[in-house]
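Asks: Let me begin by handing over the structure; questions about it come next.
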Amino acid sequence: MAKKTGISNHKIQYDRCAIAYKQKIVEFAKKTKNQKVLDVGCGLGNYTSLFLHSNNSVHGLDIQDVRLRHHTSFAFRLYNGYTFPYASNYFDTVTCFDVLEHIKHDVCTVSEIYRVLQPNGRVYIATPNRHRLISLLKILIGKKDIFPKIMQEKGIGGKSFHVREYTEHELYTLFQNAQFRDITISTFMKTQLINLSKNTFVQGGFLLTVSSFIAGFLNYLFNIFAARALGPEGYGEIAALFAYIVVLSIPMGTITSLLIQKIGSAENPKEYAVAVHSWIVEKTKKWWFLIFGIVIITPFIPSVTNLSPMSGYILPFLMVVSFASAYYTGALQGLHIFFLFAVISIGSVLLKLTGAILALYGFGGLEIVLVFLVLSGIVGLLLNHLIFIKNIRAKAGQIMIKNHGIRNIFKDRQLWLTTGVMAALALMNNVDIMFAKKFFDAEQAGLYSSWALFAKIIFYVLGPILTMSFIFFSSKKHEIKHQIVFISSFIFLAMVGVITNLGYGAFGKLIIDSLFGKAFWGAIPFLEWAAYFGTGYTMMTFMMYYYLAKKNTISLLPAVLFPVYLITLFLFSKTISDVMYISTIYTYVNITIFLLVFFKDRFLFLIH
């Protein structure tokens, strides 16, 4: 490392962007202890006051005193814009936040910083990057920067603004010429992209997105192959079985979501996960005789549900497997073991798809499809348990259940809040299809089912993002970024909806022909509306997850309004299109109320 005699370790940080920018300064200030600190161009004193701790001697310097009343506890001096009124080698740390770009004689200022800084002192500079993204975008669209001529000579409101902005090389050269030797420069874009690529949530979100897309695609193949192999009657049996599984799996969805939140926010996540597992095993051994209840009711399932005997007997078994798997699904995601979770998810769907392919090629009928459906559940459960043994329990050590309050988990208010949200989502995802099948003829119900499939494909494709958002919003570590992520995610979902709407409008007939055939042409006129419904349903789910993670009872809004939705369906659904319109309007009523609550909270926060 190059050094000047008697002076070393002068460090320059160059980082500029809204929230990340403020966080960098706060982090730097917290680490500064027992130092003489000078803030050049202290202005209102907001940043200067951050250093008033840990026995620091803090000084502020500016050409005029505009400090706020609550920022007057540090030593302040006026200066003439050229010479600092301090002795040489006086300060341990010098800061200069958003000031250098306003100073005409920057070389003089940097030289003065060098003069007043002690040997082994530090300098922290923050100034706009001339090559930041917004400037490059202006160049690409042919707009010239009005800076520096107008800004330098006239400024805004008669006040001087940016005299110049620097590139990385120019800033480095400026401080190098002032004899600084240990210079570190970081730009927001590079730093953030590098940090982003290393972020657990980004990596996990990518894995979940890719795996969910693959699993979703394989599920669509399963539906297509099963329908072609089994015909309407056999496929209806499979579809009905899945519908019952979804509705009966509401408690499992609650367990998964609760575990993601509890484990993700626990001080010792792995130990907490092991404690929950031990508690579940203990209770299962204690209440083992409940299995007789399942055995007793199983023979009545076919007559009550109109499922075939084989499907009726398989249903309770699949529910038991689903219950056991719910823990592992929540634990793996709560512990951010996204890769293995993704692999198991894809593997389970592949097994299920194998049954449909065998049936398509004549190696069996409904029975072979059901057998592989059961196999996919069993294999997935066994793999999850194996991962738990090797990756979680083996590394967490011995844990006492009572130390984690596991016995009180079902007394937690959050459990019932989560139950309400998950129940509302499960019902909203199925009740419209059930209603169409119940009150309209088979052809109309089939058209509606295809319409709903195209609508909710947005939800299925973006499912991993919704799951990651819930994990993210449940994390206290990233709480400062929650609001901006909420807004940016909402805008992203709106853009997806617009693109989907345009795609359905332009290629609707081609899409229907390719996947379902001419028999489903009746759904073509409503495909664009399917994009509205799918986008609204996805947005509503995202907002429910946001408020659920915040433990806010407003997350139950769709559940509260659900009876109104049902009554409206019964009273006003004269045609299948009425069901489409009512379902869509219901989602956007929820979205509107969610947004009003969100921005009301932001408004009250700003006033406070």
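Any Cβ shown, glycine's included, is placed from N, Cα and C.
Take a look at what TrEMBL says about it:
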type	residues	note
TRANSMEM	206-226	transmembrane segment
TRANSMEM	238-260	transmembrane segment
TRANSMEM	287-304	transmembrane segment
TRANSMEM	310-330	transmembrane segment
TRANSMEM	337-362	transmembrane segment
TRANSMEM	368-389	transmembrane segment
TRANSMEM	415-436	transmembrane segment
TRANSMEM	448-473	transmembrane segment
TRANSMEM	485-507	transmembrane segment
TRANSMEM	519-547	transmembrane segment
TRANSMEM	554-573	transmembrane segment
TRANSMEM	579-599	transmembrane segment
Asks: Most CB pairs under 8 Å with the transmembrane segment (579-599): which of 206-226, 415-436, 448-473, 519-547?
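Replies: It is 519-547, which has the most Cβ pairs under 8 Å.
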Asks: With pairs fewer than 6 apart in sequence excluded, do the transmembrane segment (287-304) and the transmembrane segment (448-473) have three or more C-beta pairs that lie under 8 Å?
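Replies: Taking Cβ pairs at least 6 residues apart, the transmembrane segment (287-304) and the transmembrane segment (448-473) are not in contact, as fewer than 3 fall under 8 Å.
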Asks: For the transmembrane segment (287-304), find every same-chain residue at least 6 residues outside the stretch whose CB is under 8 Å from a CB in it, and list them.
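Replies: Same-chain contacts beyond the ends: 311-313, 315-316, 320.
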Asks: Under an 8 Å Cβ to Cβ limit, what residues of the same chain, 6 or more beyond the ends of the transmembrane segment (519-547), are close to it?
Replies: 421, 424-425, 428, 443, 446-447, 450-452, 454-459, 462, 466, 469-470, 473, 482, 486, 489-490, 493-494, 496-497, 500-501, 503-505, 508-509, 511-512, 554-555, 557-558, 577, 580-581, 583-584, 587-588, 590-591, 594-595, 597-598
